[in-house]
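According to TrEMBL, the features are:
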- Cys457, Cys460, Cys497, Cys500: Zn(2+) 1 binding site (BINDING)
- Cys466, Cys469, Cys484, Cys487: Zn(2+) 2 binding site (BINDING)
- 224-390: domain 'Helicase ATP-binding' (DOMAIN)
- 492-645: domain 'Helicase C-terminal' (DOMAIN)
Amino acid sequence: MRPVVSATPALLASVAVGRPVRGEFTYLVPEALAGTLAPGQRVLVPFGRGMALGFYLGPANAPVEGGVRLKPIQRVLDDSPSLPKDLIALLRFAAEHYRHPLGEVIRGALPPGLSTAVDEKAAKADVQHFAEALVTEPPPQLARAPAQAAALQYLLAVGGRAQLEEVAHAIPGARETLKKLAARGLVKLVEVVLEPGVREGLIQGRPDRLTQEQDVAVQELRGAIDAGGFQPYLLHGVTGSGKTEVYLRAVEHALAQGKGSLVLVPEIALTPQLVGRFRSRFGGDVAVLHSGLKDRERLFHWQALRKGTVKIAVGVRSAVFAPVENLGLIVVDEEHDPSFKQDEKLRYQARDLAVVRGKQASAVVVLGSATPALESLQNARAGRYKLLELKNRVDDRPMPTISLVDLRVERPREGQVTEEAPILSPQMLQAMEETVAKGQQVILFLNRRGHSTILLCEVCGLSLKCHDCDVCMTHHRSQNRVVCHYCGVAFPVPDRCRECTGPLLKLGIGTERVETEVAERMPHARVARLDRDSATSAERLTELLASFARREIDVLVGTQMVAKGHDFPGVTLVCVVMADTSLAIPDFRASERTFHLLTQVAGRAGRGKDPGRVLVQTYNPDAEPVKRMLAHDFDGFAKQELEWRKALAYPPFTRMAAVRLEGEHPEQTAGVARFLGNLVGRHMPPASAGVRLLGPALAPIARIRGKTRWQLLLKAPTHAALAPLLARLEAALADVPSGVKVVIDVDPGAMM
Ligand code: ADP
Ligand code: ZN
């Protein structure tokens, strides 16, 4: 076959189309645009029967075969490219690696305003106009100006100050009227320019001196930034060792060299302190990118970074796509955190993409954590990352002492089993009392929300399950309801078993229950709870954390939200109510995750001048993660766990992909699962390639929202060995009936 169009390759353009279609498309470059296109520019292209948003990627070199008539690019939508070069390369990698349509990947990375087929407009800063009354009542001179009198009356009635918009809404024509009032000196008009996305953090100063370990790390990073070029580091620093200060100094250095920095954090709302530290150090040079931004703010930040007027981006996982100019440094804080994996649409792992981006941008990459992911640790061991260690806390503060309360021996129930058995052992209560009496603070950690997590029939033993999901309903006493944590359905608490009408026992404790017990047993203490139920908005969350920081709360009970990188110097006691909750989860990372959570929450104790201690209640004192965290033994834990992973061929020693199915009809879903299983079987490479298929099997949670769930797991020594199979699977998805949804999840996070 011969090419239909014999244009020179330079006049052909490769374009990603912002639609859910795979691959890159070839378009003709019209004469008028020849030589003017730059990769990363948004263009308007004919697609199907209409027009679509496209992204110009570069000249197309492969002549198109077959009877396809090439169409020309219609129009260019941006003056300068919306995407910098290194970002295009990253997005291409992400589309290929995570099996997602490139156009969708690019569109998903762009802010609103650039992700639709419209011309680029500069985002407006948010300017608000206020009118302030300068008098307390209308003076007699207004008697003959009733409109002005009315506007002033309104302003006074609402407290002397209001937005112009609001006054104009209440009193037609008030904008003009207020100007006249201002001319008479009765009203002042004020303009407030709000910087998009600005959020106040807690201001902290710059320490005069680095610790010796910090200094070594900073020197190394400076050297690497000066040298230029890609260099990944794993910064393994114990909790409270001052990792953030290392990041700040590295960012400072990059900035001094005119280079931009990108800092990724797990959840901004949970760590306002970190944002505060960046803001107080770099002021307006920081764009803070979080999920609560308004469209306009998102566009504003994008454009500012793109133009290089703002050089530092601090943000959550999606900020890995922020268009930082002349990128010199990428930091991933708390790199072990599971929230870096996105579990919808483009199922990317931002930590991994950060490293890829560093390579493409020739930047220094720092992955920091007190509990590095085994994947990262293995990369350091294999010499792919350089290891930087901070083994001591700042100011030689001691690590907290950790002790166990063996719940098999120390039953907190004082001999009697009641519906509401106590859950705090005498040791724990005593430690809490002592701490609060000294004016210090306590964190109580339990990784389950709600009051009781199981309602069990005393007669037939059935537990109350959701109608639509294969999980138990959780009792939320404050709402007087039982709630399914998977689909959100809620109904009044039944007092009898659905099957046999037997009485229901409330078993399994949640944070709400812990909070109630603390309040009952320590009536003098100020108790609060931090979990998804209490922190219903970003504002509420910030307020709770700020109030704990101001020491208005003595005991903070919470889920893993309390285990994040908080730095509360008043906390000297951390109690783990039950260390066992995350051990039994059917996931090969359950043990690692337990170790991380326990170590992280323990690390909240003793960060100020007073030493900290940690009490851990458990039924499994011999479980590996419990034993190792007790001994502050990350290395021992990692060594053991890595051996186990190697023996059973799990990451980091293999690459995985999960194929997840979800369907209305159990039979049909099972059928599709078998079909995909057979397909993989037929195309399996020779045994020497080491590719293995597990399943198809029902997922650990076999039903959610009434849908049956199946999964296939693929393992291989390298991603390259998996890629051809994944491509086959993806191609086969077109034949899957619409009642069954199939997604391919490369490098999966949670296995549920
Ligand atoms: P990590 O992130 O390693 O847990 P942080 O970066 O939060 O630790 O630092 C712990 C505390 O020590 C913070 O309050 C921080 O301001 C303080 N800090 C960090 N470096 C220094 C230093 N060189 N001198 C004095 N205080 C420091
Ligand atoms: Zn449900």
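Think of each number as a place in line: the chain as shown, counted from 1.
Placement of Cβ uses the backbone N, Cα and C atoms for every residue, glycine included.
Mapped onto this structure are the features recorded in TrEMBL.
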residue: Cys457; record: Zn(2+) 1 binding site; contacts (Cβ under 8 Å, 6+ apart): Ser463, Leu464, Cys497, Glu499, Cys500, Gly502, Pro503, Leu504, Leu505
residue: Cys460; record: Zn(2+) 1 binding site; contacts (Cβ under 8 Å, 6+ apart): Cys497, Glu499, Cys500, Gly502
residue: Cys466; record: Zn(2+) 2 binding site; contacts (Cβ under 8 Å, 6+ apart): Cys472, Met473, Cys484, Tyr486, Cys487, Val489
residue: Cys469; record: Zn(2+) 2 binding site; contacts (Cβ under 8 Å, 6+ apart): Cys484, Tyr486, Cys487, Ile701, Arg703, Ile704, Arg705, Gly706
Least surrounded, by Cβ count within 10 Å, of the binding-site residues Cys484, Cys487, Cys497, Cys500 is Cys500
Show, in sequence order, which residues other than Cys466, Cys469, Cys484, Cys487 on the same chain lie with their Cβ within 8 Å of the centre of the Cβ atoms of the Zn(2+) 2 site.
Lys465, His467, Asp468, Val471, Met473, His485, Tyr486, Gly488, Val489, Ile704, Arg705
Result for ligand 2 contact check over binding-site residues Cys460, Cys466, Cys469, Cys484, Cys487 with Cβ cutoff under 6 A is Cys466, Cys469, Cys484, Cys487
Within the domain 'Helicase C-terminal' (492-645), what mean pLDDT does the predicted structure show?
92
If you run the three-state DSSP split on Cys484 (Zn(2+) 2 binding site), which class comes out?
coil
